[in-house]
Number of protein chains: 2
Amino acid sequence: MLCVNVELKERRYPIHIGAGLLSDNSVYPLKSGDKVMIVTNPTVAQHYLSQVTDTLEKIGCTVKNVQLPDGEQYKTLDSLNLIFTALLRENYGRDATIVALGGGVIGDVAGYAAASYQRGVRFIQIPTTLLAQVDSSVGGKTAVNHELGKNMIGAFYQPCTVIIDTLTLNTLPKREVNAGLAEVIKYGAILDYPFFEWLEQHIDALVALDQEKLQQCIARCCQIKADVVARDETEKGDRALLNLGHTFGHAIETHLGYGNWLHGEAVAAGSMMAAVLSEMLGDLSAQEAARLEKLLVRANLPTVSPDTMQPEDYLPHMMRDKKVLAGKLRLILLKSLGQAYVATDTDQDKVLAAIRRCTQTD
Amino acid sequence: MLCVNVELKERRYPIHIGAGLLSDNSVYPLKSGDKVMIVTNPTVAQHYLSQVTDTLEKIGCTVKNVQLPDGEQYKTLDSLNLIFTALLRENYGRDATIVALGGGVIGDVAGYAAASYQRGVRFIQIPTTLLAQVDSSVGGKTAVNHELGKNMIGAFYQPCTVIIDTLTLNTLPKREVNAGLAEVIKYGAILDYPFFEWLEQHIDALVALDQEKLQQCIARCCQIKADVVARDETEKGDRALLNLGHTFGHAIETHLGYGNWLHGEAVAAGSMMAAVLSEMLGDLSAQEAARLEKLLVRANLPTVSPDTMQPEDYLPHMMRDKKVLAGKLRLILLKSLGQAYVATDTDQDKVLAAIRRCTQTD
């Protein structure tokens, strides 16, 4: 078992990473008599709910669960309210613990519920997708969507523990494993060149779900993210770098409607757009951009815009990004592989030109 | 103008108290170019929206507003969403400022919106009821109701400034002024015996809206609450004392349905129940309980249970209180006037007996 600590002063918490941890009662910070509400969805519940419930009941906890409909389109205030209703029906108080068992959507909604229920209850994350394991389970960003924008409503709220059982990836659709690898590659590209090289060496093992390589990879990603978050919990500075490809990617997701492209797929294409723009600005070399593209392709990820989306469709969505300040676009771009920066006020014509270069032509 | 500072380390903020402050641009921490969303309701808007809008526009802010339906029954996730929709329609970003112009409901919903929109934007409180001025505008508690419980969903979130214009009390219904005095009397009863005596001397002037006495009174209440909040921001200890009468009071409000008794009226009757219980437990003297009752009566406040509510109706509601821990009731009771404490595991028969003594009999 590997362990990464997220250092946030009084809210320091550990991330445990290993095979079979769901059944390991030593990693749960719970004791007999604790009241637990597991938030999950029917797909994940069918595989893992009884395993987690059994483990917690052996500890002596009272365990209830609430299942949200599966999918990004249900990451809403209505789903949030399902959790509140379940907690109130069980008379759960401020001493309750919410456990998020599932992917990023479950983690985001359950985390925001934990931040909000009676103004804050304990929260444990058990991410079951690669994307959630390397990204959304670290750093305390929680949110639901609004019909006018993604992740517009939420809180910064830290879990007390994150439990990552890499065996859960065996039941994850391959397409979702690959989508998770988009965020993995992102970490190498923005902050860690040696890790980028490691990925070039081991990407095939990761795609094939080699357990040892997966654990090393997840621990490295969590460590990178944990370091960034510890420096900048509420995203005033450095933390924005983690959003490489996300401003483009959110535009893709919003334009296609949630649930068509996976988040990681949109981030992959978006990262490529950021790389191409970086190259056009004279920062990234053509060879470096090509290495990023090759790595994304080996992980079976898209590197161009969806064929139903025009280059002109991007900017209106991008201007609604949370990083926009005083009406000016702020993008995460690359100086080189392993070195990202925040670009303010990038010329919109250049942005459009980069998107064009990443658009499928017949 | 009086000023009280709430000391919360990096989130220190001032409360300005005076007559005519709505039009005083020096008290608004805003500058030209800032984007402001005023959250208010039609009743308050008719009196004060143009005054605040004009002042902010003179500073050079972009000012929009959103009006929520008036009343505790609209303190819901749906009202919250109206604010998010207004912000997103105007393309307001993370640099927006939300101004709450109204009573406790507006402050609570707007504050929670500010805590949640893009995971947190700036927030200014302009409370226009006495209750909000002395209570809900200080301390950063924000919330909406759930159909199964009051204030069950929310956040601890601090404003950057609170602006209290005592002239706004001239348009407030007398019944609401009196309800605010219930919380004023509470401060004296729990923590400040000299202030309790001051109130015995000046309660008639306060009922008659004497501006100077009102400002002194509000400043004293804000100072008491600010001190408590600074010691205990997230209500792990001392801050619970502020809830004298609230566990009983919430039971009344929930039982009658929101909007029948005013919050302050329920707190008044609830405070009397707590005092009677304290007397039965041998702490408060009969004379002290009688002084509290007399002060409440002089402020035209109820000191007994609503006549449509039976003593047995209280406990099921009270057991759902946020202060309940491990299934045990925690009540705020009085050792003496000016000295409250948290009572854990009070005998439920005694609680019921105290409620009986405060129940109207024919």
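Along the chain as shown, residues are numbered 1 onward.
Cβ atoms are placed via backbone N, Cα and C, with glycine included.
Please treat TrEMBL annotations as automatic predictions, because they have not gone through curation.
Just one of A:HIS246, A:HIS255 is listed by TrEMBL for the same Zn(2+) site as A:GLU183, A:HIS263, and that one is A:HIS246. Looking at A:THR171 (NAD(+) binding site) and A:GLU183 (Zn(2+) binding site), their Cα atoms lie 20 Å from each other. For A:THR129 (NAD(+) binding site), the Cβ neighbour count at a 10 Å cut-off comes to 27, with all displayed protein chains included.
Under DSSP, the residues of the domain '3-dehydroquinate synthase C-terminal' (A:180-324) split into helix, strand and coil as follows: 104 helix, 0 strand, 41 coil. A:ASP70 (NAD(+) binding site) sits 21 Å from A:GLU183 (Zn(2+) binding site), counting Cα to Cα. Reported as a whole number, the C-alpha separation between A:HIS263 (Zn(2+) binding site) and A:GLN73 (NAD(+) binding site) equals 12 Å. Using a 10 Å Cβ-Cβ cutoff, A:GLN73 (NAD(+) binding site) registers 13 neighbours.
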